[in-house]
Amino acid sequence: MNVLSVPVKPKEMLLSEKNRVPAEEQNCTTPHLFCYPAQSNFSGTKYPLSWIQEIKSGNLCPIKMPGKWFVLLDAASYVSTSPLDLTVHQPDFIPISFYKIFGFPTGLGALLVNNQIAPFLRKSYFGGGTAAGYLAGEEFYSPRPSVADRFEDGTVSFLDIIALKHGFDALERLTGGMENIKHHTFALSHYTYTVLSTLKYANGAPVVHIYSDSDFSSPDVQGPIINFNVLDENGDVIGYSQVDKLASLYNIHVRTGCFCNTGACQQHLRLSNEDVKRNLQAGHVCGDDIDIIDGRPTGSVRISFGYMSTFEDAQTFLKFIIATRLSESDFKFPSQTTTRETITQSVESSIQNDHTANNNAKKFSLKTIISDTGHWNNSSAALKTPETSRTVVSESAIPVYRSGSKPITVTNIYLYPIKSCSAFEVSEWPVGNQGLLYDRSWMVVNQNGVCISQKQEPRLCLVHPLIDLEQNIMVIKAEGMDPISLPLEENTGREIQIGQSKVCAHRVQTYDCGERIAEWFSELLGRRCRLIRQSSDLKRNANQKHDKGQATKVSLSLVNEAQYLLINTASILQLKEQITERLEEPLQTEELIQRFRANIVISGTESFEEEEWAEISIGTLCFQVVGPCNRCQIICIDPQTGQRNKEFLQTLSSTRGRKVIYLYKNVHLILGSEIGH
């Protein structure tokens, strides 16, 4: 419409009286519109509602321009936690968001229009339901008389709109009204701001930089929003995407970026127009994870409190910041007196108790993931028996269970460091509380973070990972490729990228192993992929039912079903006889064993005798049998060539007479249990 648009900074409004037009021009009726937010969605700053009447009366002039001023008050952020009395404050237009008030329905809002101003509104188009009448063959259109009918194009979300009355009723019933919500949410944000702003590293450097235009002294000037960036000990900003990912590990949802408020983002982060343009040229777009460019942040982190927020929520957030940034030695809670001193003291006691009780629990760092020694830590973290002696699985171990007079022995031990890749055979090996040490700790994923298995890429069986505990590395080999190595200790660099993946519909927390290994696998497989590793700081727990129907809660690595997989050589030999009849070439026993990807291979029993076992012992290790393992098409893949042969699965199905195929047992480790047979 060729209308002039002028940005106005908040501080310029304080000087707006200088823009008052001369008396002879005050009768001008040219309409102008002044738009401003009642509350900044970036920092929570509340701007004076008195501006509405002062601007409409001409006492304040945003710019020196004769005419009649109308006011649009953006109240979407404001009314979510504060009352707005339209009998006192009367803007001409008010956009609001019901989603911000109730959290439901998603995306539903409204534009409140003063009926006296409605005739000024024009539309250059119309949609279904907004016309009183129109012609297709002639330029004729007559709008509906009601302003709401004219502007609600198409079918409104009437099913969602029905929920609004219930939302208002529930809000009033639970809280007693918006005035109570205003003071409740401000108390939470004031407390959080007070604690957060006083957190210091041991060297005195602040833990966070808060972006605020107030000191959180009054709910009349500050809403329940805290915007900040986390800093390291040197004062450098830690990217918001890193903070977001770690917060999700604590089940905390934060908003990150610029929050669709470029003006406030530029003001607080001190980004010039040229900076924003350069960031775009560097590849940064709204909503992405590019949080640091040339050492400067492109956005920030925001937390907000609503009427359902509790003091425990604020406490949880502060515990997250403290746990990820401060060690117990340099952790000091603010000591100055505040209006909520007793609450502060209770939080201090609670957090300190949590630090003591959870000394070996999960710990996270925004720059690094620190290994949990209770999980495993190379060879020294092997599980201990009640006698505290080091425990390993060994081929020389003889189980307690015996079939007649013939001992049952462990003949082979395999681990699979990278899920779906080749086995690594050992003669003895440490165990952790998720199975054999480093067993299925890594996996290959596609660009979307979805696991790639031999089902999609049979060539993965040609990848040979080797674990060297003495040198503390994993070496990965494949024909036609130069060997590549990875350190066994978890990544401690700032570039660590934490994400989520899925294993058999279960979400697992992982981190990326870097570009070098990603390029290696991408070249090998001829497709873009990456290598990720399960984070040891967040265990994957699963409730498993064993054959007796009892549930057992266990900690799993990236395995599908259980910590260990056991196979019986006698069962394999019987299957071999049946498959050989259908094959043109002889089948080696070792090859067939490898197809089933077991951790523990035993001999000395009758074929399929293991299906009747409930518990077994190997040396001093005790195992509970969860049940038979469901087999899939991976057993059809030749581990030496990567070629498929459907006869294996078909034979197994026909000989065992079951739709779901069983051959070896899922077992979980039990410590300190007495074994019965």
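Backbone N, Cα and C define each Cβ position, glycine as well.
Nobody curates TrEMBL annotations by hand; they come from automatic prediction.
Residue density at LYS100 (N6-(pyridoxal phosphate)lysine): 18 other Cβ atoms are found within 10 A of its Cβ, drawing on all protein chains shown. The N6-(pyridoxal phosphate)lysine annotation in TrEMBL covers LYS100.
What TrEMBL lists as active site is CYS260.
The feature domain 'MOSC' is assigned by TrEMBL to 511-677.
Just so you know, the Cβ of CYS260 (active site) picks up 11 other Cβ atoms within 10 Å once every protein chain is counted. On a Cα basis, CYS260 (active site) lies 15 Å away from LYS100 (N6-(pyridoxal phosphate)lysine).
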